[in-house]
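Colleague: Quick one: the structure is below, questions incoming.
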Amino acid sequence: MARSKIALIGSGMIGGTLAHLASLKELGDVVMFDIAEGTPQGKALDISQSGPVEGFDAHLSGANDYAAIEGADVCIVTAGVPRKPGMSRDDLLGINLKVMEQVGAGIAKYAPNAFVICITNPLDAMVWALQKFSGLPKAKVVGMAGVLDSARFRAFLAEEFKVSVEDVTAFVLGGHGDTMVPLTRYSTVAGIPLTDLVKMGWCSKERLEEIVQRTRDGGAEIVGLLKTGSAYYAPAASAIQMAESYLKDKKRVLPCAANLKGEYGLKDMYVGVPCVIGADGIERVIEIDLASDEKAQFEKSVSAVKGLMEACVEIAPKLK
Ligand code: A3D
């Protein structure tokens, strides 16, 4: 059986890390695409030369022409611009929307059967626009944010409780941004909900709230430290987990920005919800009952995403 083909649209900081991780995990051959001449070619060559040392077999190439992504099984999209200190994700909308239009056309022409994972910000609006611009099936176009947001929550909780990150699960709903909704009663240490751990004296309610807030601000904390761009190691690892679940039909249950068809009372929009990812793409959206305060937070997050979608329609009326 031929190796899978993974196309990375955007070969910047996340794109380069994606190529490295996909190769190390032998998920398939990797084509890196970018408008910057030489960048995808140089990174592909560099990573391919780590193959003999690491012991992986993957063919890597770089291109500035969409024809190179022909027949890709998975496309991971990071094309666009990242945040700088002082910018919100929403400030990127105008520039990145135009980029999504080009990327959508390229994928529609050369990789219409691919599973497409969008990472470009502002995530929930960009993945919605990318699906419309590309015309690919809604179950095959998904946004990465929840895996990263819950990984951040898990890392902070594991550090706080001095337990392995492997034993901490976290549940995050809603849009990727300041309004994301980490659900403490569905987040656990070895199956014990955080709400019970507070009762057991592991930490105070106030301390837990601080960790939740740090999770919401997790991206900005890194932007403030890096100064020249945003996070890339953990975002890349998160998207690779989603790609792997699709390619190996693992049916992982992962929080993703998925197209909703009535779930949570919402239609024709993308927002972060728990999903099953398998060979058919998003195979199921899991709908849970929300308590009234969680519902209020989720609705706030949804209305922030809707605001961004309206801003997209103003720039590109054909998205309506
Ligand atoms: P960066 O290192 O700047 O890479 C972006 C790449 O896109 C550059 O190499 C550009 O040359 C390329 N590019 C620009 N325009 C086009 C185009 N029209 N076609 C093809 N390529 C193009 O950024 P990055 O890799 O750090 O981040 C990429 C995106 O991911 C940004 O929008 C970030 O805001 C976003 N991001 C999202 C998350 C989420 O959790 C959703 C996390 C971190 C970053």
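Including glycine, each Cβ sits where the backbone N, Cα and C put it.
Positions annotated as active site, proton acceptor by TrEMBL: H176. Taken from TrEMBL, the feature NAD(+) binding site covers G10, S11, G12, M13, I14, G15, D34, N96, I119, T120, N121. What TrEMBL lists as substrate binding site is R83, R89, N121, R152. Annotation comment: TrEMBL describes 5-143 as domain 'Lactate/malate dehydrogenase N-terminal'. Sequence annotations record features per position, and here TrEMBL assigns domain 'Lactate/malate dehydrogenase C-terminal' to 148-312.
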Colleague: In whole Å, note down how far the CA of R152 (substrate binding site) lies from the CA of G12 (NAD(+) binding site).
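Modeller: Per the Cα atoms, G12 (NAD(+) binding site) and R152 (substrate binding site) stand 22 Å apart.
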Colleague: Got a sec? Which of G10, G12, R152, the binding-site residues, have CB under 6 Å of any ligand 1 atom?
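Modeller: Close enough to ligand 1 are G10, G12.
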Colleague: May I ask which of the recorded positions G10, I119, N121, H176 is closest to R83 (substrate binding site) if we compare their C-alpha atoms?
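Modeller: Nearest in space to R83 (substrate binding site), counting only the recorded positions, is N121.
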Colleague: What average pLDDT is reported by the model for the domain 'Lactate/malate dehydrogenase C-terminal' (148-312)?
Modeller: 96
Colleague: Please work out the helix, strand and coil residue numbers for the domain 'Lactate/malate dehydrogenase N-terminal' (5-143) from the DSSP assignment.
Modeller: 67 helix, 25 strand, 47 coil
Colleague: Can you tell me how many other Cβ atoms are located within 10 Å of the Cβ belonging to I119 (NAD(+) binding site)?
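Modeller: A count of 28.
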Colleague: Taking the recorded substrate site as R83, R89, N121, R152, identify the other residues of that chain whose CB atom sits within 8 Å of the mean position of the site's CB atoms, giving them in sequence order.
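Modeller: These residues sit around the substrate site: P82, P122, L123, H176, G177, G219, A220, V223, S230, A231.
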Colleague: Between the binding-site residues G10, D34, R89, R152, which lies closest to the residue listed as 'active site, proton acceptor', Cα to Cα?
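Modeller: Nearest by Cα distance to the residue listed as 'active site, proton acceptor': R89.
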Colleague: What's the CA-CA gap between R89 (substrate binding site) and I119 (NAD(+) binding site) in angstrom, rounded?
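Modeller: That comes out at 12 Å between the alpha carbons.
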Colleague: Could you check the binding-site residues D34, R89 and say which one's CB has the most other CB atoms within 10 Å?
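Modeller: Answer by Cβ density within 10 Å: R89.
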Colleague: Across all the protein chains here, work out how many other Cβ atoms are within 10 Å of the Cβ of I14 (NAD(+) binding site).
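Modeller: Excluding its own Cβ, the number within 10 Å is 27.
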Colleague: Using C-alpha atoms only, work out the spacing between N121 (NAD(+) binding site) and R152 (substrate binding site) and round it to an integer in Å.
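Modeller: Rounded to the nearest whole number, the Cα-Cα distance is 18 Å.
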Colleague: Looking only at R83, R89, N121, R152, the residues listed as binding substrate, what is the longest Cα to Cα distance in Å?
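Modeller: Between the most distant Cα atoms of the substrate site, 18 Å.
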Colleague: Near R152 (substrate binding site), which residues of its own chain have a C-beta under 8 A away, given they sit six or more steps off in sequence?
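Modeller: Counting only residues 6 or more apart in sequence, the Cβ neighbours of R152 (substrate binding site) under 8 Å are T215, G218, A234.
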Colleague: Under 8 Å Cβ to Cβ from G10 (NAD(+) binding site), same chain, six or more residues apart: give me those in sequence order, or none if nothing qualifies.
Modeller: F33, D34, V77, T78, A79, G80, T120
